[in-house]
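Trainee: Quick one: the structure is below, questions incoming.
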Ligand code: IPM
Ligand code: MG
């Protein structure tokens, strides 16, 4: 089977961090015989500059065909005043929606070498390894009606939270399946105390559990309390499953627990394609960081670890994914640090490319 990849570097630091991923991809081709058929295209502001839209139809079509899409980041101040419909973020949202990537996997893992970066105490976060499964194609991000309307002589902004049973069912299954390969625990978060969509969410998650995953430990929590518990004692969680908006918030909270947003990857998965692989898009959790773009300062690790997730979830190369993750861990343990990972001034941080060099060297050493 061929392995096809579409690379969309996007805006800001996206192209710089993706350049390091490209070197890693080549390494797996050269040293591990894992060949990828790679194409590259534009997304976000970069696509807008050329096509007048943040994602061209041809790019969308290509994304539907490939085994995996790797995305850098989108957005930047240059595009802040664009019409809502062509903002860079709309390119990303179109990919998620049209590829039907309903399960967004956001691991929050605390690397031992970085435990002191967290704003929380070391023993609260050291060894932390949780996985947030965020529903990604429905809920208030996409529900209708939406818009800004005129009502009684003033404007009213409307968005709609909406979930069908089947939408809840499928993301719950993704969470239970993942839990079985990890700590076997799922905590589902909603606000069933105030929202009907939350009542339905809780009911369906419980039903899927009782019918098909009774071996997995399931608990439910209101999402606000969940946010609090994430800060109080995050190690109580293994897999958290939640809706699109709560997942957006809670995954940022969880990311910050690890102290290093520049480290966290994500996978967005949909239904299996004809070749059995899921529709998939991989991207770092961090944004386009326009303030440091083009300076070779950005940390490429989140994007590199996103490629590790692609190896695991799209290409069934779990061992090679682990090899790459261990190479990253080794480099951190050796003290290699990009600027975002430096606590004291005075020492010179590694550049984006130097971090890439160090990870490639650690990969070589793993053979
Ligand atoms: C994320 C981001 C996106 C979201 C934006 C860029 C549209 O915050 O992936 O978490 O809100 O989903
Ligand atoms: Mg977000």
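Placement of Cβ uses the backbone N, Cα and C atoms for every residue, glycine included.
Bear in mind that the values here come from a model prediction, so they are computed numbers and not experimental data.
Here TrEMBL flags 4-359 as domain 'Isopropylmalate dehydrogenase-like'. As annotated by TrEMBL, NAD(+) binding site applies to 76-89, 287-299. The substrate binding site feature in TrEMBL is assigned to 96, 106, 134, 224. As annotated by TrEMBL, site 'Important for catalysis' applies to 141, 191. Under the heading Mg(2+) binding site, TrEMBL lists 224, 248, 252.
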Trainee: Considering only the binding-site residues 106, 248, 289, which possess a Cβ situated under 6 angstroms from at least one atom of ligand 1?
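Mentor: Going through 106, 248, 289 in sequence order, those close to ligand 1 turn out to be 248.
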Trainee: For the substrate site as recorded (96, 106, 134, 224), determine the largest distance between any two Cα atoms, in Å, rounded to the nearest integer.
Mentor: 26
Trainee: List the other residues in this chain whose Cβ sits within 8 Å of the Cβ centroid of the Mg(2+) site residues 224, 248, 252, in sequence order.
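Mentor: Going along the sequence, the neighbours appear as 223, 227, 245, 246, 247, 249, 250, 251, 253.
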Trainee: Rank aside, I only need the closest one: which of the binding-site residues 96, 134, 248, 252 has its C-alpha nearest to that of residue 88 (NAD(+) binding site)?
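Mentor: Answer for the nearest of the binding-site residues: 96.
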Trainee: Cα within 10 Å of residue 134 (substrate binding site) is the criterion; apply it to the recorded positions 76, 84, 191, 252, 289, 293 and give the hits in sequence order.
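Mentor: Near residue 134 (substrate binding site) by Cα: none of them.
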Trainee: Consider only the binding-site residues 76, 80, 96, 134, 224: which of them have a Cβ under 6 Å from an atom of ligand 2? Write none if no residue does.
Mentor: none
Trainee: At the Cα level, what's the spacing in Å between residue 76 (NAD(+) binding site) and residue 96 (substrate binding site), rounded?
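Mentor: If we compare the Cα positions of residue 76 (NAD(+) binding site) and residue 96 (substrate binding site), the gap is 20 Å.
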Trainee: Could you say which of the recorded positions 84, 141 has its Cβ with the most other Cβ atoms inside 10 Å?
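Mentor: Result for the most crowded candidate: 141.
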Trainee: Once near-sequence residues are set aside, which residues in the chain of residue 96 (substrate binding site), 6 or more away, have Cβ atoms under 8 Å from its Cβ?
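Mentor: In sequence order, 136, 137, 268, 281 meet the Cβ cut-off.
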Trainee: Check the binding-site residues 76, 88 for other C-beta atoms within 10 angstroms of each C-beta and report the one with the most.
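Mentor: That would be 88, with the highest Cβ count within 10 Å.
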Trainee: At the level of the C-alpha atoms, what whole-angstrom distance separates residue 248 (Mg(2+) binding site) and residue 106 (substrate binding site)?
Mentor: 10
